[in-house]
């Protein structure tokens, strides 16, 4: 930085004389919140330990492969079921039982098969015929034909009936379809149940009511995938266009911010003025018409709201309300005109800062990649934890029996007392669980996994905010812009935020993200409790839960606002989190009107920019993919659903615009806090010069005095 400077701020903002080795308020700093940094490191070590334990005990195959009644996986290579990829239910109707919701398993025998049945066939008809060889593949493994028909069906060795089925997520479901409004399986509307009676196809619907919907969803997914395969490069082109437009919009804000803001204000005033004029014209038109002079009180409440439009009093009320709004806006414009000009100048200055630190526009990619790592670790750990249970077998029976629901051992169940008490019962796989200390601690480990995800995700976001704030603060506190800027401001700010040594702020970032993570995990627990209390009739409990959820939602929003500004102060002065949060909060409260004006002006510009970018790219994608642009009509690919690439381009364009504007918004907020600090701590003398831009100096009638004047 330039050698003409005579004053900068020390660690706590105290004035000091010029020192050739001193580089300004964003450079001289020390360790902050070291204890929180240590806690974060210990928590990460514990998180890694939890992941190792989960990966040691977990088995994702329990999620990937279906499991038969013996707890064996279907279709897994290297096992006896390697060629049997599909799970077959002996009686799919029983899957409609409420027991499914309690045990997460159908109370019917299930086996792994090579293919699903493709015909109607009962055990009674197949027994003793050539078709029994086909039928036998749907019986339990190792079945021997040494029992009577009644014994086979009683012991659950074979299904009573086969129904034409289709594979769905590696499970055999009845091939139900509708023909002229009639439900059918194959070409039949009814089927034999294997016990000598016929049943309607509708009896199968409850057991497999979601099968058709999932089949249609799978078909839809395949067609959508086909659309992506032929249009992906055009989608990429659309997203590149959105990126170019976002960057162009930010650059143009340097020149057009003031015009857009004032045009918006004038348009609002004109729209309200036209509304007042229209209300007056309607009020005058209804003069003398029958029934138009009835008062609103005499008319009372009417379900048809159009009735009120025929009353003069209604239009008078509209006109008064619009007139009051018009007067308020004009008065605010008169008294806040200077603050609006300051907001516009800060937005223009932010555009210049982004132009000098162009690599900041790519930093959201770093945040995105780090968040992807956090999500991947959390998801994999959660899956391994949820699949680290042991197979639990329970007794199932169609008849009432005291032993139903008890745990059992399938190896010796046939010779157990429960088998003698319940002759028709069978021992089958129910779910994955366990009674060991580790299994009892699984819920706590899942909560810890979720908490660490929130902590690390918030830490990544905080790291991005501090890095960007440090880069843009170095721009503001450069007396001669851009000559006094460091060579790589973004990398320097990243190093100050994360580096271990005499100058780092990892602890402060850990502290702020910890507070936010605690609030977020409490909100998750409240949502879980709310789901559990939905069936309860206790109105006071529901009211209390609603109040708690609302309070913690507001608390989370406030902490996010406080953290954002605290991170900016950390980037500027290097103070600890609590000091930075307090200084930022009171600094904003002392300038609350400026904060409100700048916030609304930037919100409007960002909304306008997002609408402009998303709308332009979306309209272009619509005309392209619907073959309405004659020049490239033959270039557009044929699609099953043209809305698939269009929606993808629209959502992608919004995310890209949001990423660019998040950097720009951080720049505006950083420059705003620097500007407020500059006003309060400096007076324009050689010892304390103003660092603000010449435009802001002219607006505030501020100047840096020359040596003779000083």
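In case you wondered, yes, glycine gets a Cβ from its N, Cα and C as well.
Given the ranges 487-505, 544-562, 639-657, the record in TrEMBL names 639-657 as transmembrane segment.
Given the ranges 406-425, 426-445, 566-585, the record in TrEMBL names 566-585 as transmembrane segment. Looking at the stretches 34-55, 56-77, the one that TrEMBL records under the feature transmembrane segment is 34-55. Residues 356-379 are the range that TrEMBL records as transmembrane segment, among 356-379, 380-403, 668-691. In TrEMBL, the transmembrane segment annotation falls on 259-277 of the listed ranges 202-220, 259-277. The largest share of C-beta pairs under 8 angstroms with the transmembrane segment (34-55) comes from 452-478, of the ranges 315-336, 356-379, 452-478, 639-657. The transmembrane segment (639-657) makes no contact with the transmembrane segment (356-379), as judged by fewer than three Cβ pairs under 8 Å among residues 6 or more apart in sequence. For the transmembrane segment (356-379), the partner stretch with the most Cβ pairs below 8 Å, chosen from 232-252, 315-336, 452-478, 605-627, is 452-478. Against the transmembrane segment (605-627), stretch 232-252 shows more Cβ pairs under 8 Å than any other of 232-252, 315-336, 452-478. Only residues 6 or more beyond the boundaries of the transmembrane segment (452-478), in the same chain, are considered here, and those with a CB under 8 A from a CB of the stretch are 1, 8, 24-26, 40, 43-44, 47, 350, 353, 356-357, 360, 363-364, 366-367, 370-371, 374-375, 377-378, 484-486, 489-490, 492-494, 496-498, 505, 509-510, 512-514, 516-517, 520-521, 563-564, 567-568, 570-572, 663, 666-667, 669-671, 674-675, 678, 691-692.
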